[in-house]
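*Asks:* Below is a structure I'd like to ask you about.
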2 protein chains.
Amino acid sequence: MQIIDGTIASPKGFYATGLHAGLKKEKKDLGVIYSEVPANAAAVYTTNQVKAAPIFVTKEAMKDTTIQAVVVNSGIANACTGKLGLENAKEMQAITGTHLNIPQESVAVASTGVIGKQLPMEIIEAGISNIDLEKPEPYAFHEAILTTDTATKEIVITEEINGQQVTMAGVAKGSGMIHPNMATMLAFITTDAQISEELLQEILAVKTETTFNQITVDGDTSTNDMVLVLANGLAENPVIEKNSKAFEQFVAMFQLVSETLAKKIAKDGEGATKLIEAQVVGALNGSEARLVAKKVVGSSLVKTAMFGEDPNWGRIICAVGYAGSHTDPEKIDMWIGDQQLLKNSQPQEFDETIMKQTLEKEKINITVDLNIGEQSGQAWGCDLTYKYVEVNALYHT
Amino acid sequence: MQIIDGTIASPKGFYATGLHAGLKKEKKDLGVIYSEVPANAAAVYTTNQVKAAPIFVTKEAMKDTTIQAVVVNSGIANACTGKLGLENAKEMQAITGTHLNIPQESVAVASTGVIGKQLPMEIIEAGISNIDLEKPEPYAFHEAILTTDTATKEIVITEEINGQQVTMAGVAKGSGMIHPNMATMLAFITTDAQISEELLQEILAVKTETTFNQITVDGDTSTNDMVLVLANGLAENPVIEKNSKAFEQFVAMFQLVSETLAKKIAKDGEGATKLIEAQVVGALNGSEARLVAKKVVGSSLVKTAMFGEDPNWGRIICAVGYAGSHTDPEKIDMWIGDQQLLKNSQPQEFDETIMKQTLEKEKINITVDLNIGEQSGQAWGCDLTYKYVEVNALYHT
């Protein structure tokens, strides 16, 4: 398995582009992914009960077995926009289908941005008419889906599966309102692998639990967001069967793409200066390990301590204690980096110079051993900074 | 029912004092409440699985039917301190009992402050020996239990019950690590009412659900905290029986004391400039209404919006949507102050000048009508500010 330079259009038969339509002041705000043949597709959506209009349109499109294009806008979320919002999302789908000369029902739609504003359809329509897939600019798609993100988020990997070179690419946007409970950001994954839609959906659902759902920026689960996977089969590998070697290879690729995007989203949390990774081991089961890890990286007090580069293990053990998993409060071990801070819940001497160096880094690893079982889990978050308050206090509706 | 000036020692037969023992640099850090006769007592404790040593000692003391004194220190939480911490908490109890000439088992113990440090027992012992209840300074007790709080928090009310003047007083500390799931702060309530221990515990448990448990500062549930109620009976009212008029009067007093202390804690959240009150109506049941209200005031994005004085209802409806209660996403009404922002989940025109004035105030009321039932609930929180980040990033262990 090899990480290569590339874009969401790197797998065979995929095209992508993006442009500035006019929803945002200057930045790119409209993008399309297109597959030259219909692709098997799978998706997971936000569990927020208040869902944006494009979620409903994409869910409906997914009832057909294939998807051939995805149209995405940033700037406006098309959430809490009622019947008109739903009509606009369908219209956006229809215009894209017409422009690309494919059925409307094979177009997935996604939006991200401010809640409660209607999409200005003349801007959307003019923008889509300017999409030119004969001169694609795939990296422009990566830019077009961003909101307060400070960087694009992508990964491309390739691997020989059953004698054919299979490529998988992922692109995501994140930043604020990030606490997925299914998937609270936009992430798109393309691959030229041949795999059934059922198996694709199964892998997506399982892997979302340990990757996208294990990141948190601010504990807020968005109304809009989704992870969408397209597999167009153009690598011409024999169809991947469950529990084969090819299946294992494909799942490993999927894990790497999802985990990499998830970490990039956490690291680029609004105002963040550090990526915090919590590894919980010795848990009774994996879901409890993930729960504890997510509580640790989600704690405002842990987040501010990491911003202050302070090894404040009291706040970490406090978060472990309220996570709600099985725990023996007397048996907790804890490390920051490779320095042990707690053994059987008691403070340990550590090297303050090494600790200082550890906390100055852009990535901080917190490890907690519950010492009551054999299972483990991870979660990713970021520090809580002055900049987070600034971004969100000054971001006026 | 009348609110009066006073202290935790205002009910008949109670004494209180506080002093600087030396756990903190300069501020008062040790305090005692004493009742001249043994008092019926009730308590609720943190649900954090990692509990501080004084929690165990107080729980044990509560097995006896009466409590005659409470000793509290700030500066050091005596949490994650192992066997020595437990011995120290018991020693603190014993020294207080000896000094006040009452049984050790009738002394409740509480601590608040930094996690993981051992109590310096010579300082505690010297401090307790300087407690002089012949020259009590009750307000000094209010000061002695504070940590990063910027103000003391107290309320005293009096009411004639069955021909006798009954007084009830409450004092609390809060500020950070405030997201009670039972009671994540220290609060002490004294009354001279005659009431059984069983009824006192029942009222405390019920009222904690709608008052102390409905505040949140940062979503972190502390290891240490408790609400403790003492009723010494010196008002000589006939013993309050359940479902009597006296019972209703007493419960109303208890509600006012608890709710007032809870709001004062939320308002004095670390770095806070505003108290945010969420009122959720039209819910299927009270616990769901409280859940939704607590999610709204707990959202970092709502908190930063209120700091930025921005009527960002998108973040509020987002929090309603992920709270996990029964909701019809199309039927939500919302107000900030008396300005309606949403009707049937759709944006409404509002007066921007009045809204600006509303958001500039120190208390902001958010009202959400779910329009699916008859029940309501409230929660209290504060805004998220630069100062919160500063307090918690610079507060080094």
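Think of each number as a place in line: the chain as shown, counted from 1.
Note that Cβ sites are derived from N, Cα and C of the backbone, with glycine treated the same way.
OK, TrEMBL features for this one:
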- B:Thr147, B:Lys173, B:Thr184, B:Glu270, B:Asn392, B:Thr397: substrate binding site (BINDING)
- B:Thr184: active site, nucleophile (ACT_SITE)
*Asks:* Measure the Cβ-based neighbour count of B:Lys173 (substrate binding site), defined as the other Cβ atoms within 10 Å of its Cβ.
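*Replies:* There are 27 such Cβ atoms around B:Lys173 (substrate binding site).
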*Asks:* Helix, strand or coil for B:Lys173 (substrate binding site)? Use DSSP.
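*Replies:* DSSP assigns B:Lys173 (substrate binding site) to strand.
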*Asks:* Listed in sequence order, which of the binding-site residues B:Thr147, B:Lys173, B:Glu270, B:Asn392 sit with a CB under 8 A of chain A?
*Replies:* B:Asn392
*Asks:* Select the most exposed residue of B:Thr147, B:Asn392, where exposure means the fewest other Cβ atoms within 10 Å, treating these as the binding-site residues.
*Replies:* B:Thr147
*Asks:* Enter the number of other CB atoms within 10 angstroms of the CB of B:Glu270 (substrate binding site).
*Replies:* 28
